[in-house]
Structure formats: structure tokens, C-alpha cells
Amino acid sequence: MDIEKIYKESGALLKGHFLLSSGKHSPNYLQSAKVLEDPKKAELLAKELAKQIQAAGIEVDTVCSPAIGGLLAGYELARALGVRFIFTERKDGKMTLRRGFEVEPGEKVLICEDIITTGGSAMEAAKEMEKRGAEVVAFAALANRGVCQRTGSEIPSKSECKLPSNKTLFALADFTFPIYEPKECPMCAEGSEPIKPGSRGN
């Protein structure tokens with residue numbers, strides 16, 4: 001499956017000058033919502049991701065996603081795996097489990113995002129699950145930015161990766177784009193202003 005082709009055809013592989021949530025700049029941005037707005041594509045990608053997880057013999061009771069980016073990917077993955085889906089969300093800046101969701105002690109939870117960059121939000125969701133007695137068995141995403149190493153990839157984890165090295169990351173593809181500190185950004189040097197994705201219809 002050519003994941004990059006699917007992202008391009010969906011208009012989800014954006015080019016420009018973007019301000020990332022990390023505060024760094026990049027000439028590229030992945031907008032998974034553009035892929036996931038098509039239920040057939042969402043189902044196809046989730047089934048492909050589920051195959052990886054099942055082939056690895058990972059036992060999953062529940063898929064949990066951090067809101068809001070991971071919701072559609074996580075729901076479709078849970079459907080493909082035949083398990084339930086829950087999500088965490090921020091309240092007063094802290095990732096929490098709300099809306100009556102509960103997890104049982106020892107429940108095997110897989111954390112799913114649409115895209116993993118450093119894995120910060122995914123790790124926050126994982127800690128919330130562990131705090132409630134669940135066992136986080138793995139992490140998954142449709143796309144991986146190449147900061148954290150996914151299973152089957154030769155690209156090693158970088159120091160910025162926040163995911164634990166003893167838990168497997170499943171993803172369909174690596175998307176490695178240039179990322180710059182603002183003071184080292186060549187686009188800024190040319191006088192370009194960065195756009196925060198979502199702020200101007202992106």
C-alpha cells in the first residue's frame with residue numbers, strides 16, 4: 001500500500017511554511033483529516049494497520065486515542081481489531097479520561113494517533129491509562145514523522161522521541177520532512193511568515 005500516494009491524492013500532504021505544535025518550522029505538513037474524511041480510505045488504512053498489530057501477536061482489549069487528532073484513526077482501528085474505543089482529552093491543560101469512560105486493572109490498551117511526531121500526546125494518554133491500572137501494550141499511528149522508530153523501519157529514534165523504547169510503535173509509513181528551529185529556518189530568512197496549521201483553513 002502506497003501511503004504517501006494516498007495522502008497526496010487526498011490533498012493531505014501540504015507544502016508551505018508551517019509552525020508546528022513543537023514551535024519548530026517545516027516546509028511540509030501532514031493533515032490526516034483530509035484522508036480520514038473519506039470513510040472508505042479510513043477503513044482501508046485502519047485494516048492495514050490492524051494487520052500489523054495482529055501479525056505481531058499483540059493482544060488488545062481497547063484502543064485509546066488522545067483527542068482530537070487521533071479520534072477517527074483510533075475509532076477505525078478499534079473497529080478493524082474488533083475491540084472497544086475510548087479517548088482522552090485535555091481539561092485545564094491535562095490529558096484526562098472523561099465522559100464516563102473507565103478501564104479495568106490489567107486491561108490491555110493500545111494508544112493510537114493519526115500522526116506520531118515526538119509522541120508527546122500519545123505518551124500523556126498512556127500515562128493516564130497506566131494511572132488507572134491499565135496496561136499499555138503498544139502505540140500505533142497511520143503516519144510516523146520519523147522522530148520515533150516504528151517497527152519495520154530502519155530509521156532510528158531521535159532524542160526528541162517521548163515514547164518508551166520497550167513498547168512497539170506500529171505505523172504505515174515514515175514521512176521524514178525537514179524541521180527547523182525558528183532562528184535556523186531558511187524560509188524565515190527569505191522573509192516568509194509561518195502558518196499555524198488550521199489557523200487559515202489548513
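Each position is counted from 1, following the chain as shown.
Cβ coordinates come from backbone N, Cα and C, glycine included.
The annotation 5-phospho-alpha-D-ribose 1-diphosphate binding site is assigned in Swiss-Prot to Glu113, Asp114, Ile115, Ile116, Thr117, Thr118, Gly119, Gly120, Ser121. Summarising the annotation, Swiss-Prot assigns orotate binding site to Thr117, Arg145 and lists sequence analysis as the type of evidence.
Features as recorded by Swiss-Prot, highlighted on the structure.
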residue : record                                              : contacts (Cβ under 8 Å, 6+ apart)
Glu113  : 5-phospho-alpha-D-ribose 1-diphosphate binding site : Ser65, Pro66, Gly69, Gly70, Ala73, Gly74, Gly119, Ser121, Ala122, Phe139, Ala140, Ala141, Leu142
Ile115  : 5-phospho-alpha-D-ribose 1-diphosphate binding site : Leu30, Ser32, Gly69, Ala141, Leu142, Ala143, Asn144, Arg145
Thr117  : 5-phospho-alpha-D-ribose 1-diphosphate binding site : Leu20, Ser21, Ser22, Arg145, Val147
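Within 10 Å of the C-beta of Ser121 (5-phospho-alpha-D-ribose 1-diphosphate binding site) there are 23 other C-beta atoms, taking all protein chains into account. Within 10 Å of the C-beta of Arg145 (orotate binding site) we count 25 further C-beta atoms, all protein chains included. Same-chain residues with CB within 8 A of the center of the Glu113, Asp114, Ile115, Ile116, Thr117, Thr118, Gly119, Gly120, Ser121 CB atoms, the 5-phospho-alpha-D-ribose 1-diphosphate site residues themselves not counted, are Gly69, Ala122, Ala141, Arg145.
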